Amino acid sequence: MSDLTDIQEDITRHEQQLVVARQKLKDAERAVEVDPDDVNKNTLQARQQTVSALEDKLADYKRRMADAVSRKKMDTKPTDPTGIEPDDHLKERSSLRYGNVLDVNAIDIEEPSGQTADWYTIGVYVIGFTIPIILKALYMLSTRGRQTVKENKGTRIRFKDDTSFEDINGIRRPKHLYVSMPTAQSTMKAEELTPGRFRTIVCGLFPTQIQVRNIMSPVMGVIGFSFFVKDWPERIREFMEKECPFIKPEIKPGTPAQEMEMLKRNKIYFMQRQDVLDKNHVADIDKLIDYAASGDPTSPDNIDSPNAPWVFACAPDRCPPTCIYVAGMAELGAFFSILQDMRNTIMASKTVGTAEEKLRKKSSFYQSYLRRTQSMGIQLDQRIILLFMLEWGKEMVDHFHLGDDMDPELRGLAQALIDQKVKEISNQEPLKI
């Protein structure tokens, strides 16, 4: 009961403070109308922030009050001696105990699932911000993503930067970039930005800016992404000139040998793939691509563009919509996701533990990437992924960062010195370095 009383007192106190704050806000608005100088404008802005903060606190206290009342009702509800809940349809008690009550009031089944995001609305919203705040938010959600998500899970956060502002009646106010940090039970609206959607849209719109600033997700760093993109134009040019095992051209008698070789190159296969993609466009994504083309974004229009692999530098969870119709781009992202799974499998294999513990350390980046990308309206060409793996797989695995950078001989020597010293000063078993 004391909890309810305390919460009610807090609600009453905050309601009184809110009445006073709203009156002060009205006074400040009148003062700005009479004399719109900097002092009055700053006062108005401070009053608006105070009212907003009090409204948020009051709403929070009211939610807590509702939760407390609900808990109290559950605690005082009489229990059935048979152990069966009054509204349970079973005539005899189940062998399972009653678990949590899942509240589905907040779920709107009319909203599309998270896989069918409104990419046009999301793209227009993001393009409306300045490049500095977009790239800083990307850094916080990729390079420092794990920490940011952990600290803000279950909330809707706002990114603020001095370069992002808007003028309202001559008053300069911050223009916040909103990103929702969902939990597993959250239902996202089609136009709502989440960390995954934000990384996807920004990576697709601004790969050149990401490349210049070398913004990279840790999961891409450990698979050797920096090494892979170092000489990308030469790397992809050599790949395109290689013979493709999946092409069997119809050769007419008397065709020159040189022309026969050209018709079997990977470049020809990619041209055929481009023809397939050109027939499978989705109207909303086309609208986004046209809108982006009229502004600052630097989306690649070909896989041999210098910035093409940087589309995946921050590990988007699907192929960005702005380059999904570029032959080989969606498959390049799938190749990177397989490399992430391969590295995690290697790490799980070398750890000590039961088979079950090792399996838990494996990942399924590829399956997730495949499912999300194909939900955008295209089927990935597994043959292109296979070509990438045959060409670069061995090289990339050799450049994985496996958390063991010490030379084996050096490690053995250091361990021997540790063992010797521990034996001199203690009878305990020396730990491994």
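Cβ coordinates are placed from backbone N, Cα and C, and glycine is handled just like the others.
Swiss-Prot tags one of the stretches 175-217, 261-303 as region 'Viral RNA-binding', and that stretch is 175-217. Of all the recorded sites listed (Asp88, Asp103), Asp88 sits in the most crowded Cβ setting, with the most other Cβ atoms within 10 Å.
Each residue in the region 'RdRP binding' (1-50) has a pLDDT score, and their mean in this model is 85. The DSSP breakdown of the motif 'YxxL' (178-181), given as helix, strand and coil counts, is 0 helix, 4 strand, 0 coil. In the region 'Homomultimerization' (1-79), the DSSP tally of helix, strand and coil residues is 72 helix, 0 strand, 7 coil. Listed as Cβ neighbours of the region 'Interaction with host RPS19' (150-175) (distance under 8 Å, sequence separation of 6 or more from its ends, same chain) are residues 32, 36, 41, 44-45, 129-130, 132-133, 136-137, 140, 181-183, 186.
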